[in-house]
Amino acid sequence: PLPDETLRSLASPSSLQGPELHGWRPPVDCVRANELCAAESNCSSRYRTLRQCLAGRDRNTMLANKECQAALEVLQESPLYDCRCKRGMKKELQCLQIYWSIHLGLTEGEEFYEASPYEPVTSRLSDIFRLASIFSGTGADPVVSTRSNHCLDAAKACNLNDNCKKLRSSYISICNREISPTERCNRRKCHKALRQFFDRVPSEYTYRMLFCSCQDQACAERRRQTILPRCSYEDKEKPNCLDLRSVCRTDHLCRSRLADFHANCRASYQTVTSCPADNYQACLGSYAGMIGFDMTPNYVDSSPTGIVVSPWCSCRGSGNMEEECEKFLRDFTENPCLRNAIQAFGNGTDVNVSPKGSSFQATQSPRVEKAPSLPDDLNDSTSLGTSVITTCTSVQEQGLKANSSKELSMCFTELTTNIIPGSNKVIRPNSGPSRARPSAAFTAISLLMVILAL
């Protein structure tokens with residue numbers, strides 16, 4: 001071990017005035033920060049020391065060691081301390097491993113909310129609207145809009161984009177591939193395929209499938225089936241939510257996506273939308289980012305009258321941790337920020353916050369005159385070409401053994417109807433928290449458009 005005097009000199013501010021350290025300007029991504037640290041002997045040696053200190057020790061034990069404490073103090077002044085990662089970046093896992101190697105040593109035990117390792121989101125929902133060529137009927141004839149199945153329209157739009165169609169076809173076939181009579185699918189491979197879809201397909205396609213607005217049960221059930229929950233979401237029993245969180249936090253990717261969800265969707269009572277920085281886009285992106293992990297969320301039912309999402313877990317068996325468990329679960333099931341963000345996207349509206357933050361106005365997505373929503377009973381092969389059918393027939397073409405699950409039935413019938421065969425789902429309009437009806441928003445928007453036209 002190094003003498004105490006040497007450690008103190010390394011940790012002192014005067015030791016950090018070298019040109020390399022002084023010239024660094026955070027934040028940079030953690031992979032680059034690690035390269036910069038490796039090029040500077042003082043930083044690289046302290047980083048190796050800290051990683052050794054964290055191996056198999058809790059924080060209190062680590063900080064009781066003077067060498068470990070000195071290493072941590074030095075690294076807090078390095079670019080590694082302020083580094084961040086980008087979701088979907090080429091070396092995302094490596095970046096997150098570097099981030100947590102520093103920040104797990106800075107926390108006081110296990111925190112309820114952890115800081116996100118990802119760079120802040122600056123884009124808005126209105127940016128997504130401008131990119132979408134067709135959008136949920138908003139801006140189209142209100143009569144057509146109310147009778148359209150927006151989730152069906154979203155699937156058709158995905159089929160017209162080669163990348164979206166390819167990756168959607170991939171996860172549908174993988175998540176529906178039965179392993180044995182007792183094993184419905186390979187969940188690990190299903191999750192991987194879902195992650196690839198949501199990380200590689202542009203948001204203007206994935207959001208439309210996840211957050212489409214619905215007026216009837218068939219549409220809401222299609223929305224619920226988007227991630228093929230029989231494989232990716234449901235299980236024989238529901239684990240305790242805190243146990244599920246602990247499992248998630250053992251994986252750097254899952255831990256990071258959960259922390260990002262809390263950072264961007266945690267209900268705020270200081271904003272007009274209940275979302276941090278009034279940014280719906282950041283919340284929806286964080287929600288979509290958790291799909292394909294142990295903490296995968298989904299709609300709890302096929303009720304079109306409201307929005308309730310949850311991970312596959314409950315608070316039974318929480319013991320004296322029941323209050324913390326219920327708080328964790330409510331961040332999904334009773335989250336006004338998340339609910340408002342989903343409804344805003346489904347309605348085609350975003351929020352423009354005034355500089356003073358005292359008022360805001362909703363902005364609609366651009367009007368699309370030549371691309372109204374497709375009627376539910378329109379056969380895609382008639383107007384969009386037979387190639388569209390490829391997505392849902394890929395399972396048959398590849399000779400794979402398919403489940404008799406209703407999500408596959410839904411897939412095979414999506415091109416001709418919005419009615420899901422064999423669905424016996426019961427609508428529970430009063431279940432869960434209070435829910436806003438999207439029809440009210442459509443009525444208000446339609447009235448506003450009429451007034452403006454006059």
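Every residue number used here counts from 1 along the chain in the order it is shown.
Glycine is treated like the rest: Cβ placed from N, Cα and C.
Lifted from TrEMBL, the feature list:
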COMPBIAS  353-366  compositional bias 'Polar residues'
DISULFID  C37-C43  disulfide bond
DISULFID  C151-C212  disulfide bond
DISULFID  C158-C164  disulfide bond
DISULFID  C175-C190  disulfide bond
DISULFID  C185-C231  disulfide bond
DISULFID  C214-C219  disulfide bond
DISULFID  C241-C313  disulfide bond
DISULFID  C248-C254  disulfide bond
DISULFID  C265-C283  disulfide bond
DISULFID  C275-C337  disulfide bond
DISULFID  C315-C325  disulfide bond
DOMAIN    30-107  domain 'GDNF/GAS1'
DOMAIN    151-231  domain 'GDNF/GAS1'
DOMAIN    241-337  domain 'GDNF/GAS1'
CARBOHYD  N347  N-linked glycosylation site
CARBOHYD  N403  N-linked glycosylation site
REGION    1-21  region 'Disordered'
REGION    353-382  region 'Disordered'
Integer Å distance between the CA atoms belonging to C219 (disulfide bond) and C313 (disulfide bond): 25
C37, C175, C241 filtered to the disulfide-bonded residues whose C-alpha is within 10 Å of C325 (disulfide bond): C241
Tally of DSSP helical, extended and coil residues in the domain 'GDNF/GAS1' (30-107): 54 helix, 2 strand, 22 coil
Spatial neighbour of C185 (disulfide bond) that is closest, considering only the recorded positions C175, C214, C275, N347 and their CA atoms: C175
Local Cβ density at C164 (disulfide bond) - other Cβ atoms counted within 10 Å: 24
Taken over the domain 'GDNF/GAS1' (151-231), the model's mean pLDDT: 94
Neighbours of C275 (disulfide bond) among the disulfide-bonded residues C37, C231, C265, C283 (Cα to Cα, within 10 Å): C265, C283
Listed disulfide-bonded residues C151, C164, C231, C283, filtered to Cα within 10 Å of C214 (disulfide bond): C151
